[in-house]
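K.L.:
Pasting in a structure now, in structure tokens, and then I'll have a few things to ask.
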Amino acid sequence: MESLCGVLGFLLLAAGLPLQAAKRFRDVLGHEQYPDHMREHNQLRGWSSDENEWDEHLYPVWRRGDGRWKDSWEGGRVQAVLTSDSPALVGSNITFVVNLVFPRCQKEDANGNIVYEKNCRNDLGLTSDLHVYNWTAGADDGDWEDGTSRSQHLRFPDRRPFPRPHGWKKWSFVYVFHTLGQYFQKLGRCSARVSINTVNLTAGPQVMEVTVFRRYGRAYIPISKVKDVYVITDQIPVFVTMSQKNDRNLSDEIFLRDLPIVFDVLIHDPSHFLNDSAISYKWNFGDNTGLFVSNNHTLNHTYVLNGTFNLNLTVQTAVPGPCPPPSPSTPPPPSTPPSPPPSPLPTLSTPSPSLMPTGYKSMELSDISNENCRINRYGYFRATITIVEGILEVSIMQIADVPMPTPQPANSLMDFTVTCKGATPMEACTIISDPTCQIAQNRVCSPVAVDGLCLLSVRRAFNGSGTYCVNFTLGDDASLALTSTLISIPGKDPDSPLRAVNGVLISIGCLAVLVTMVTILLYKKHKAYKPIGNCPRNTVKGKGLSVLLSHAKAPFFRGDQEKDPLLQDKPRTL
């Protein structure tokens, strides 16, 4: 009976031991359970199994909701941001980057200490001390010497010592990465980067978890946790960008008929795994034009019919990969011994190489080609695109200056005659810019009503003289076509109209004076001279006429009377 009680007590004690046993990495970092066969298949080079023990004395474990998280950092909480260049093709490298975001006004200096930013210290009402954590000043040289009792804290959670590269004393953060039942430890500053090779990983989504610890005396306390999903794929990650001239919206997958579409294939390969591989592109545009095979990642194609088409692209390449296991040699089936030949054939007694078992040859070839095996990888892209009619071309046919009834030196009006091909536009926009067509000065848009010939006249005003870049854009629901031209506006003098009027008046006045003078000269030159005759009647008449003219001119030409003394005597009767 006593022996039975002793056995039961031993079993109860053994059952209680795991509750007090040391924690393992998987207990601290995550709760995903991975079978042993998955751990062996997904083995990461340089990583360790999360079945190892965790040094809880040097790295305390805080669960979610623990009140100690609030006091883990001075001035607030530290946020860890985890990113990756996922998805990754099997065999390539995938990189994870963790960046620490400190509370407001805090940053890491060149020595690895955490300091306050000068520009916002006064806003927080801080003291004159610039440091949040001054780790380098608080450590003695003896703390960094390996093998001493004072350097026992310079270890990772699995009790492995820190590496000692140049400048490692400035690294005050410990990053523990955990995925696929394995962990990786790294010492760093406010950012850490880890790359893993995916050659042995299973395709599918996986989770990466990172826990960050900071120095706290001779221990390390957690300050942040973060996790992110990454994807391992056995298909080449492919994306295709489609662009077309005059297409109004590149993201709606609606394109124009009779204009080439540029297809550009983008392969997501951040680790340059496919740089040395020949890649072929097989296109099927869905318009019964056949299959196009190209080695170039860009291709142009023009649809000549309206409608909806299914685009299919297959990308193929060969990448290095493990060789398949050798096929086991199959022993020949048992058969009855053949009847002896009538005469012995010595040549059959020695087996020729062609009669050797195939297993030997397969094993030999497998060993030789084990380093040169390649695996075909494929990538696929599919899209449904719609082809419609649109505005194909816009051109300026004529530019004319608009005559102004009243001179306006500040503005100049110009008429532009614009034509287009294709669909009928619904809107016309004009952008007036500087001569480089970079800085817009004026933009005017208005609806237009165009007939079937697509001919319209646009009048625009220009502020002052100079050279302008004029951009005309005609658009409808699916297309947007444009054309540009340079135009020079000559200068105008504000006083030029008044000066022109004055010039005309002066010219008219000068012409009138000239005509008058010429008329007088011609009159004097051609005036006929008639002497006084002996006829008494004529004499009396002439004398009376002279007397009458003399009396009439007397009030107007008094000064000239002395020049004609004969007229001063009164007429007398002889």
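Heads up, the Cβ atoms here are built off N, Cα and C, so glycines get one too.
So Swiss-Prot lists the following for this protein:
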type	residues	note
TOPO_DOM	23-502	topological domain 'Extracellular'
CARBOHYD	ASN93	N-linked glycosylation site
CARBOHYD	ASN134	N-linked glycosylation site
CARBOHYD	ASN200	N-linked glycosylation site
CARBOHYD	ASN249	N-linked glycosylation site
CARBOHYD	ASN275	N-linked glycosylation site
CARBOHYD	ASN296	N-linked glycosylation site
CARBOHYD	ASN300	N-linked glycosylation site
CARBOHYD	ASN306	N-linked glycosylation site
CARBOHYD	ASN312	N-linked glycosylation site
COMPBIAS	321-345	compositional bias 'Pro residues'
CARBOHYD	ASN463	N-linked glycosylation site
CARBOHYD	ASN471	N-linked glycosylation site
TRANSMEM	503-523	transmembrane segment
TOPO_DOM	524-574	topological domain 'Cytoplasmic'
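Let's see these features in context: how buried, what's close, how far.
P.N.:
Residues near ASN93 (N-linked glycosylation site) in space but far in sequence (CB under 8 A, at least 6 apart, same chain), listed by position: SER195, ILE196, ASN197, THR198, SER271, PHE273. Taken residue by residue with DSSP, ASN93 (N-linked glycosylation site) is part of a strand.
Sequence-distant contacts (6 or more apart, same chain, Cβ under 8 Å) of ASN134 (N-linked glycosylation site) comprise ASN113.
ASN200 (N-linked glycosylation site) has a Cβ environment of 16 other Cβ atoms inside 10 Å.
Secondary structure from DSSP puts ASN249 (N-linked glycosylation site) in coil. Taking the Cβ of ASN249 (N-linked glycosylation site) as centre and 10 Å as the limit, one finds 12 other Cβ atoms among all the protein chains shown.
ASN275 (N-linked glycosylation site) falls outside any helix or strand according to DSSP and counts as coil. With a 10 A radius on its CB, ASN275 (N-linked glycosylation site) counts 7 other CB atoms from all the protein chains.
Sequence-distant neighbours of ASN296 (N-linked glycosylation site) (same chain, six or more apart, CB under 8 Å from its CB) are TYR281, listed in sequence order.
Every protein chain shown contributes to the tally, and the Cβ of ASN300 (N-linked glycosylation site) ends up with 9 other Cβ atoms within 10 Å.
Taking Cβ-Cβ distances under 8 Å and a sequence separation of 6 or more, the neighbours of ASN306 (N-linked glycosylation site) in its chain are ARG257, ILE387, VAL388, GLU389.
Cβ-based neighbour count (10 Å, all protein chains) for ASN312 (N-linked glycosylation site) stands at 14. ASN312 (N-linked glycosylation site) falls within a strand segment according to DSSP.
Note on ASN463 (N-linked glycosylation site): other Cβ atoms within 10 Å of its Cβ, all shown chains, come to 13.
Classification of ASN471 (N-linked glycosylation site) by DSSP places it within a strand. Around the Cβ of ASN471 (N-linked glycosylation site), the number of neighbouring Cβ atoms within 10 Å comes to 16.
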K.L.:
Between C-alpha atoms, which of these glycosylation sites comes nearest to ASN463 (N-linked glycosylation site): ASN249, ASN300, ASN312?
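P.N.:
Going through ASN249, ASN300, ASN312 one by one, the Cα closest to that of ASN463 (N-linked glycosylation site) is ASN249.
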K.L.:
Of ASN200, ASN249, ASN300, ASN312, ASN471, which is closest to ASN275 (N-linked glycosylation site) if I measure between C-alpha atoms? They're all glycosylation sites.
P.N.:
ASN200
K.L.:
Return only the integer: C-alpha distance in Å from ASN249 (N-linked glycosylation site) to ASN300 (N-linked glycosylation site).
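P.N.:
About 18 Å separates the two Cα atoms.
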K.L.:
Could you check which of the glycosylation sites ASN200, ASN300, ASN312 is the closest Cα neighbour of ASN471 (N-linked glycosylation site)?
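P.N.:
So, of the listed glycosylation sites, the one sitting closest to ASN471 (N-linked glycosylation site) is ASN300.
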K.L.:
Along the topological domain 'Extracellular' (23-502), what average pLDDT does this model show?
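P.N.:
A mean pLDDT of 83 is what the model gives the topological domain 'Extracellular' (23-502).
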